[in-house]
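Trainee: Not my notes, these are from TrEMBL:
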BINDING   Phe24, Gly26, Gly28, Glu68, Ile254, Lys256, Gly258, Ala296, Thr299, Glu304  Ca(2+) 1 binding site
BINDING   Asp298  Ca(2+) 3 binding site
Amino acid sequence: MATLKVPPNSPPPSEDSEQLRKAFQGWGTNEALIISILAHRNAVQRKLIREAYNVAYGEDLLKDLDKELSSDFERIVLLWTLDPAERDAFLANEATKKLTFSHWVLLEIATTRSSIDLLKAKQAYQSRFKKSIEEDVAYYTSGDIRKLLVPLVSTYRYEGEEVSMTLAKSEAKLLHEKISNKTYNDEELIRILSTRSRAQLAATLNHYKDEFGNAINKDLKTDPKDEYLKLLRAAIKCLTFPEKYFAKVLRLAINKLGTDEWALTRVVATRAEVDLQRVGEEYQRRNSIPLDRAIANDTSGDYEKFLLALAGHDN
């Protein structure tokens, strides 16, 4: 479930865009006004606000926000204001760059989005960067990681609930054979993970556990330092229990050694309209502290206020 709180009678986009324009004028920026509007509008409303702003002032709202804001607050506001498909395209492209390279971001986009949302992200990527996600992922990765990530970003999974138990049994057996033989990069293993529907995968992995005694990810923990195996386990977690995956990302982002603001920003911005409530419940179950309190303890200022508003706790 989403955590975003949208007022039942939101003003029209033209009024919101006028208020945002006012927030940029005069001495200093009115951050509180920006938060009160953008952190309480859904994706459709934000798109209409951007269009209204462009019509009224002949300028791009994102560029004006970029000029007016700075640091972590700027990043969360910009990521949030983007259309979800544009946001995923931007994050995926950033994840292929040398200084901000991240297998994890590419994996998240490939495995936690619905088929239609992944397709929209790929279209947005082509429109903005004049090339495909697939070719960039293939070009900037290598070896087993490329072997896993390219099929994952290339797929269009069936989204229905229908399941074949015969198939679940045969593919659970096949997965167990490959893992027992330590052929973790086998193309049949990758084929199953990258093409089967989530419902079919859940049935296969349940049968795997019942038949062979361990959850598949336990059998894939043979070498905790192996980057490919880490990614493989994360792919399985994302495809079966995304809320557990994101709760762990948040736990690692909010810790005593300092905050990973990029990870925190990314998860809140990309999940607030999807399943951040479930992620928060899983986070509290594992860490014995509510997510909003953990965020408040670790962040400050307008950045904290915006994050908490998206998490449904801005008061």
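Including glycine, each Cβ sits where the backbone N, Cα and C put it.
Looking at the shown structure, can you explain where the listed features end up?
Mentor: Cβ neighbours within 10 Å of Gly258 (Ca(2+) 1 binding site), excluding its own Cβ and spanning all shown chains: 9.
Of all Cβ atoms in the protein chains displayed, 18 besides its own lie within 10 Å of the Cβ of Asp298 (Ca(2+) 3 binding site).
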Trainee: Do me a favour and check the Cα-Cα span between Ile254 (Ca(2+) 1 binding site) and Asp298 (Ca(2+) 3 binding site); whole Å is fine.
Mentor: 7
Trainee: If you compare CA-to-CA distances from Asp298 (Ca(2+) 3 binding site) to each of the binding-site residues Phe24, Gly28, Gly258, which comes out shortest?
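Mentor: Nearest listed residue in space: Gly258.
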